[in-house]
Amino acid sequence: MVTEVIKTNELHKIDPVFGQMSFDNHEQIVFCNDKDTGLKAIIGIHNTVLGPALGGTRMWNYTSEWEALNDVLRLSRGMTYKSAITGLNLGGGKAVLIGDAKTQKTPELMLKFGEFVHSLGGKYITAEDVGMATSDMDLVRTVTPYVTGISESKGGAGNPSPVTAYGVFMGMKAAAKYKFGSDILEDKVIYVQGIGNVGEALVENLSNEGAKVYIADINQDRLEEVRDKYSVNIYGGDNIYAEEMDIYAPCALGATVNDFTINQLSTKIIAGAANNQLAEEQKHGKMLRERGIVYAPDFLINAGGIINVYAELENYDRKEIMRKTENIYNTTLEILKKADADNITTHQAAFNVAQARIDARKNEK
Ligand SMILES: NC(=O)c1ccc[n+]([C@@H]2O[C@H](COP(=O)([O-])OP(=O)(O)OC[C@H]3O[C@@H](n4cnc5c(N)ncnc54)[C@H](O)[C@@H]3O)[C@@H](O)[C@H]2O)c1
């Protein structure tokens, strides 16, 4: 990678970290580098008022360091509010590894990353995210206890994705109840964008309920595999946003609700697993509200995964995990109603509840 050295007399124009829009009073940002393994990672610790900052590690082939930094800042902030609204005693953190998970993720690199996590003494606890598998967390566990999402055979709660998908399914049902008066998804036209770990498990829940499911992904093999397994339809068009549908479920990467897509959207509900679906929370939240599209806040309905990994820290069982995840239905319905009553966006309504919990704890201290 060729990097230009910024001249010191130009530095003031850049404000590379604290000046970023996505920098929202993060407590700590850790840049990790290891020449031998090629590790380049950023750990973002947004807020630890409620507890240690827990959030997954994402490995992605970012086009620039700016993109990686922006991603980790947005993701770690999201974790703060996700844990807060879910009632967990956790703060918000996240890590990104810069590189292609398929070709650059080696055991040595993961171990080195684990050492960096360990050096933070438990202030940040990691788990899996895009580009990571349970086996990677098992490896990290050999160098630090500050990791969750490890396999069941090693005492962990296993892959969180099916639990995340179940929570999204619950949130989607609540949004349907609010919008259509019934939470039955049979015959509803639902587009699932991204059929990875969470997307596939969501498709399973939806097809069991008899929804008319369309799937989209950049991976053709995966599309065929999931279509054959659940008898769903592969989306063959080139602009998913403009398709007439009841529910759009973004389950790939974030920011798909943005200036380019929002006016094309022809859906009644947005409910999916991807983090940070709104490119700009205030602006795009408002635009969705004006257009009458019900948005089930991502950080609220995709909390099943964090509930699952939290169980590893608190030693609660599968039944309790599923009970807490099922409760996403009730919380979502409350938030949608509250947004209406207060005439604010659903994102803002969820955010306010989460922030109030953080503020209350801060005042207790
Ligand atoms: N795994 C969890 O428990 C969990 C928890 C909370 C949130 N999330 C979020 O949910 C999303 C999916 O997570 P995952 O674990 O299933 O990841 P994954 O890597 O298993 O799956 C992502 C899928 O999206 C596809 N994809 C990527 N870019 C795409 C595009 N432009 N259009 C269509 N498809 C595209 C990929 O090919 C892949 O199949 C991520 O945003 C993640 O942060 C996951």
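Just so you know, glycine gets a Cβ as well, placed from its N, Cα and C.
For LYS94, the entry in TrEMBL reads active site, proton donor/acceptor. The feature NAD(+) binding site is assigned by TrEMBL to GLY194, ILE195, GLY196, ASN197, VAL198, GLY199.
Taking the features listed in TrEMBL, we show where each one sits on the structure.
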residue: LYS94; record: active site, proton donor/acceptor; Cβ within 10 Å: 30
residue: GLY194; record: NAD(+) binding site; Cβ within 10 Å: 25
residue: ILE195; record: NAD(+) binding site; Cβ within 10 Å: 26
residue: GLY196; record: NAD(+) binding site; Cβ within 10 Å: 17
residue: ASN197; record: NAD(+) binding site; Cβ within 10 Å: 22
residue: VAL198; record: NAD(+) binding site; Cβ within 10 Å: 29
residue: GLY199; record: NAD(+) binding site; Cβ within 10 Å: 27
### Message
Tell me the coarse DSSP state (helix, strand, coil) of VAL198 (NAD(+) binding site).
### Response
helix
### Query
Roughly how many angstrom lie between the C-alpha atoms of VAL198 (NAD(+) binding site) and LYS94 (active site, proton donor/acceptor)?
18
### Message
Other residues near the NAD(+) site, CB within 8 A of the CB centroid of GLY194, ILE195, GLY196, ASN197, VAL198, GLY199?
### Response
SER161, VAL192, GLU200, ALA201, LEU202, ASP217, CYS251, ALA252, ALA273
## Note on the structure
Between the C-alpha atoms of GLY199 (NAD(+) binding site) and the residue listed as 'active site, proton donor/acceptor', the distance in angstrom, to the nearest integer, is 21
